[in-house]
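Noted in TrEMBL for the protein shown:
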- B:4-182: domain 'Guanylate kinase-like' (DOMAIN)
- B:Gly11, B:Pro12, B:Ser13, B:Gly14, B:Ser15, B:Gly16, B:Lys17, B:Gly18: ATP binding site (BINDING)
2 protein chains.
Amino acid sequence: MSKGFLLVLSGPSGSGKGTVGKALMEKRSDIMFSVSVTTRKPRAGEENGKNYYFVSEKVFEEMVKDNKFLEYALVHNNYYGTPKDFVYEQIEKGEIVLLEIDVQGALQIKRNCKDAVFIFLLPPTMDELKNRIVKRGTESEEDINTRFENAFKELDFVGEYDFFVVNDKIEKAVEDIEAIIHAEKLRVKRQKDIKQKIISLGGIIHE
Amino acid sequence: MSKGFLLVLSGPSGSGKGTVGKALMEKRSDIMFSVSVTTRKPRAGEENGKNYYFVSEKVFEEMVKDNKFLEYALVHNNYYGTPKDFVYEQIEKGEIVLLEIDVQGALQIKRNCKDAVFIFLLPPTMDELKNRIVKRGTESEEDINTRFENAFKELDFVGEYDFFVVNDKIEKAVEDIEAIIHAEKLRVKRQKDIKQKIISLGGIIHE
């Protein structure tokens, strides 16, 4: 039985990680979604337990104290965290767990979870990045500018990631991520007793 | 401009690296083949400069002295070597260079060339491995037994490789290798100035 892995899909605001992650999940039934805990207010259409677990600051701080997070961070005045137990249990069972997360969170996960696979989602151009942040339409002009400046700075962290995927066309970005998943399933380091499997009756065959 | 990489397709006798490598090259025009130098006699249908460079022991030893090999090894009483300059020049130009090589050679390359991508091709079962070695039909019974014993021992080295691919069906094995190539082209470490490309007019888009 091979171990699964945590697939960290990350990038700045406006890189489109939400959209690409959603398209990937719709196409693939073999990937689990890691739902984050947050103290921010739900946006229109967001459901508790599906998009996020929406909690109060008090509850969040309790969870931090109990060491319940793989990472957590303050982003735009709200807390976000990834519940640890869920991720580890699924990986041990052989599952691929998808985590959409901002750059701060991804870097924290990198320190705690060496075997995760890190993908940096890139906007094709800076103009397109700005367009996407503006189009979201849920923020004030000041918020938009702050997001754009943060996004620009965060591009410097691409070097900390394993893979980059350019989100110019969603279906192309999803194909890139699928190739990464396919390859990562063939990683020797996550397999136990490859030789034994071949020696055993039945051997190893493609599904 | 991104760097290419050396793709090392390796495995024991009977794993089918020759057949799978050939099928991959027929499907993909964007991969270059690294032709090895050898002192062994050509088999029926093999061409000098295409399958191997067939040279005398004297010539081979000269090349070793001149440090012209990325790796070389004595396998079944014949020398095999990978010409260094060819590989490095192509990688710098952004090419993917495929090298089919035995396990000994792959391990030597791993010591000299950290950025290469190592794939271990596996037979689905030990029976199938034996069948393939017997079917080749060019060796004596003693040679066949030696090859089988070596192949069995060499399975222990799978842990030194990045990826494993099971060769039960050729087309499936080729698809696995193509996914690995696709993913490796998205490796951050082989890219220069990703941020600069996005800032520049034009940005990055899918081909």
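Placement of Cβ uses the backbone N, Cα and C atoms for every residue, glycine included.
Worth saying up front: this structure is predicted, and the values here are computed from it rather than measured.
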Taking every protein chain shown into account, which of the binding-site residues B:Gly11, B:Pro12, B:Gly14, B:Gly16, B:Gly18 has the largest tally of Cβ atoms within 10 Å of its Cβ?
B:Gly11
Can you name every residue in this chain, apart from B:Gly11, B:Pro12, B:Ser13, B:Gly14, B:Ser15, B:Gly16, B:Lys17, B:Gly18, with its Cβ inside 8 Å of the center of the Cβ atoms of the recorded ATP site?
B:Leu121, B:Pro123, B:Arg132, B:Ala151, B:Asn167
The one of B:Ser13, B:Ser15 whose CB sees the fewest other CB atoms within 10 Å, among these binding-site residues:
B:Ser13
B:Lys17 (ATP binding site) CB neighbourhood, other CB atoms within 10 A:
23
